[in-house]
Amino acid sequence: MWSPGPARRAGCRRGVCVPPVTVLLLLVCLSTRGGGLPPIINIGAIFTEDQRDSAAELAFKYAVYRINQDPILLPHTELRFHIEYVAREDSFHAAKQACRLVGGGVHALFGPTDPLLGTHVHSVCDALDIPHLEVRLDPDTHYREFSINLHPSQDMLNRAFIDLMGFLNWTKVAVIYEEDSGLMRLRDLVREDTELYVRQADPAYYRAVLKDIKAKEIYNLIVDTRADTMRFFLREVLQLQMNDYKYHFVFTTFDMESFDLEDFKYNFVNITSFRIVDAEDMSVREVLKDMEVNLNKSKGIQAHQNFLDWLYLPGGAYMVRTALYHTHTPVVVPVRCRPDQEFPYVMMHYEKNYTGNARFYGFCVDLLARVSREVGFDYIIDLVPDRKYGAQDPATGEWNGMVLQLMKHKADLAVGSMTINYARESVIDFTKPFMNLGISILFKVPTSQPTRLFSFMNPLSVHVWMFVVLAYILVSLTMYVTARFSPYEWRGPLEFAANHFSIVNCFWFAIGTLMQQGSDLNPRAASTRIVGGIWWFFTLIIIASYTANLAAFLTVERMITPIENAEDLAGQTDIAYGTLEGGSTMTFFRDSMIETYKKMWRFMENKKPSVFVSTYEEGIQRVLQGNYAFLMESTMLDYIVQRDCNLTSIGDLLDSKGYGIATPIGSPWRDKISLVILELQEKGEIQMLYDKWWKNMGSTCERAEKGKENKANSLGVANIGGVFVVLLCGLAVAMTVAIFEFCYFTRRISARFEMVSSADGGTCWRALRRDPLTAAGPPPLSLSLQAFPQPSLCSQIADELCLAVTCDSRPVHHIVAASLPPPPPAPPPPRAAVRSRSLGALPQAVPALAPVAPRHPRHQDDLALCTLPPPPPPHLLALGEADEPCLVHTALQAVQHQHHHHHHYHHHLPT
C-alpha cells in the first residue's frame, strides 16, 4: 500500500501528522482565543442519517471522551458535544442546523463528511468565524482561516495513483466511476499518456461494463464506487471470473479492509487500495486499544465489534512507503563547466586557494545557492566527465553528457544552460524554466557603405526615378495636346488668334513646376488648368518625399548586410553557417519539419569542411574571420555581443524555449525547485542575477541601439505609387474637359446664326446678334457654302486637332466657320472673282470669296455666309503675293473641314 503522505489542511504541517485529538484541541484553542478557557466548552457535530452510531460518530465521541479524561490537556474545562442529524441530500436543513447550533452557544463545529453538505456548513462557519473541523473530499485547495480538513486532497491522491500506475508500468487501464463527481476527481489520470477506457456505471450496469472490459482484454482497473455499493461490484467480479492473477484492481475507497474479501484470497487476484493511517504504527495501535477499552466502559456508548476488528487486520502483503520526504544528505549536482564555453552561466577559478564549491562562480551557481537556501538541501558541484549537455545518438539511441548522468542516477540535479526539449523530457525531468530564450544568428558587423558620387539619388528607388521621368513626358505632351485642342487657349488681337503652348513651352512649363521655379505660361482653359493643377500636386508629393528621405540618408550610416534573417541565410551558399555540435540547437535543425530549417540542416550536414564547432569560442572565432554565421542561444549571444563590438545579432528568434534544472524521472526535488523558481521570478531576483552577469560584469560595448527606425530605405513604388495614380486620373479628367469645351463652344457659336436666302439664290448664314468673337475682327466675312452631308463629331475633333497641332495662330473666322452646321443644298451661282488686299489677286478659275449683296441697314453689321458654285481642286489655288501661306491655308481649311470627297468651296476674302 502507498500512503498519500501529509495531507493539506488535515492537521499535517511539514510532514508531521497531528492526531485527531490534537486537532480537536486546536479547535478549542481557536474557539477561546483572546481569553481564558471557560469551565464548559460546547462542541457541535453534524452527521447524516446513515451515519448514526457509525465509525465516524464513535471516533468523534471518543475524542471528546479522551480529552475530558486527560488531567493535563484541559484540567479545568469540560467538553460537551451536541450532535444533529440531517438527510444526505438536504443541504438547506444542514445549513439551518449549523445556524441553530451556533445560536445555541457551540464554540466549534465538526462535520458533516458529505462533500455537498460540508460545503454549505463551511460557508456558515466561515461567515460567523466559527472553527470548523471536517473529514471530506474538498476539491478547493485554497487556504481557509477557520477550517481544518483531515481528508487528503484530491491532487495528492491523484499523484499517488499516477505513481502507482508508473511503478506497475500500466499502459492500458479501465476506469469505472459511479457518481458524476468521480470523473472530476480522476481527471488527472485521463490526462496521462496512457490508453484509458472510462465508463460510468451504477450497480444495475456493473455486469455489462465488466463484460465489455473483459472482452477488450483490459486487465488493469481503477474503481471509484460508493462504499454501500461496493459489495455489488465485488459480487459481479466473482460471477464473471475476473478474480484471477491476470487482473489488478485499484480501489479509491479508504475502507477496503472493511469488506468481505474472503473469496478473493485463493485465485491470486491483485487488489490495491489506500488508507489514511498506518495501521502498523505503534501510536495508532495504542489509540485503537485504548478506544476499545474506554468505549465499552463509557456510559451510553456501545462500540460495534466489526469496527475494531478490521483495523487490526495484519498488514501482511502491504508495503508502506511515504510519497513525500525530506532528506539532509548532500545532493551531487553535475554542472557542465568550461570557462570558455559557459560564460556567464558557470565559470571556474583556477587558483589553488579555491576548493570545493567555491571553485565555481556564475549565474547558475548563484541561482543554485538561492534555490538550495529556499528548498533546504546541501549540494556538491562536480564536473560532467564528457563536457556535454546531452544528446541522443540517432543510430544507437544512447545518450551522453549530463542527461546520461541523470539517467544512471549518478547525479541528483543538472544545472547550466540546458535547454528543455522533447527528447530530453522523455528520459529525464525538468523544473519550470528559469530563463526563456530562442535560437538567434551571430554575425560579424557589416562594413559601412562607401560614399558615392550620385548618392543624392538614393532617397528614391530606380523605378521611382524612371516613373517620374515618364510622368514628366506624359504631362508635357498632354498639356500640349489639350492646349491646342481647347478653343479657349486661342487668344489674340483682331482677326488672328495665337496659342502660346508650343511643344517646347509645354516641356518648359512642366520642368519649371517640377523644379519649383515656375514659368511665364499660364493656362486659361479649364482642361489645361486641370493638367497644371494635378501636375503641381504630383510634384508637391514627390519633392516632399524626396526631401524627407534625403535627410534620413544624410544622417543615418547605412550598412551593407548580406543577410537579414534565416530565410536569407538558407537562400544562399556563399556564407557558411553552423551550430555547436551535440547541442540542442543542432537537434532543433535536425528534427525540424519546417522546410527552411530542413534546407539549412541539409546544407550544414553536407558542407565540407564541417561547419559544426566543438566550443562556443571556436564558433566566435570563425564568425570574426568573416563569411560565417553561428547559430546559438540568444542569451549566450547577448552576452557575447555586449562585449565585442565587431559582432552583432541578425534577425529575430527562430524558436522559443527555456533553460531548466534537470532531475531524474520521479525525483522529489523537481516540484519543490519549480515552486522556488516561480517565487524568485515573481520577486525579480532572477532578473537581478541576469543584470549582474550580463550587463554589470566587465566592460561592455557601447553602441547605438539597433532598431528599424535607424535604417533608411529607398522609397519604392509601393510607398508613393498613389501619387502616380492621382496624376493619371487628373490627366484623364483634363482630356475629358477639353473635349467638353470643344463641344460646348461649337454648340454656342451655332446658336448665334440663322439661315437666310441670298440675292443670287444661294443660302446664307447670318449672325443673330453681334458676338464679341465676330465683332472684334475685320469687316464681315462672306462665305458661301455648297450643301454636303454633315461629318461626325469624331471627324470634326480629328480635323480640329490636326489643324491645332500644325499652326501656332489662325484667323478668328475659322473658329466661327468651323462651328457652323452645313446649310441645305442650293443651285450653283455664277463664278466670281477674287480680290484681296492682303493676299493679292487669284486666277479667274479659282473660286472667289465675294461680298454679299447689300441688305437692309439693320443687317449691315451682320456676318453672312452664303453658298457659291463649287471651286476647283485646292492644288490650283495660287497664293500670289501672299506672305502668310499658313494663314491662307488656314482660312481655306476652315471651310473645307466639313467638305467630303466630291464637294468644293468658294472663299471670298473681304476687300
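Glycine residues also receive a Cβ, built from the backbone N, Cα and C atoms like all the rest.
According to TrEMBL, the protein has these features:
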SIGNAL    1-36  signal peptide
DOMAIN    344-408  domain 'Ionotropic glutamate receptor L-glutamate and glycine-binding'
TRANSMEM  462-482  transmembrane segment
TRANSMEM  494-514  transmembrane segment
TRANSMEM  534-556  transmembrane segment
SITE      I563  site 'Crucial to convey clamshell closure to channel opening'
SITE      R590  site 'Interaction with the cone snail toxin Con-ikot-ikot'
TRANSMEM  716-740  transmembrane segment
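Across the domain 'Ionotropic glutamate receptor L-glutamate and glycine-binding' (344-408), mean pLDDT in this model comes to 84. In the three-state DSSP classification, R590 (site 'Interaction with the cone snail toxin Con-ikot-ikot') falls within a helix. Secondary structure from DSSP puts I563 (site 'Crucial to convey clamshell closure to channel opening') in coil. Residue counts of the domain 'Ionotropic glutamate receptor L-glutamate and glycine-binding' (344-408) by helix, strand and coil are 24 helix, 10 strand, 31 coil (DSSP-based).
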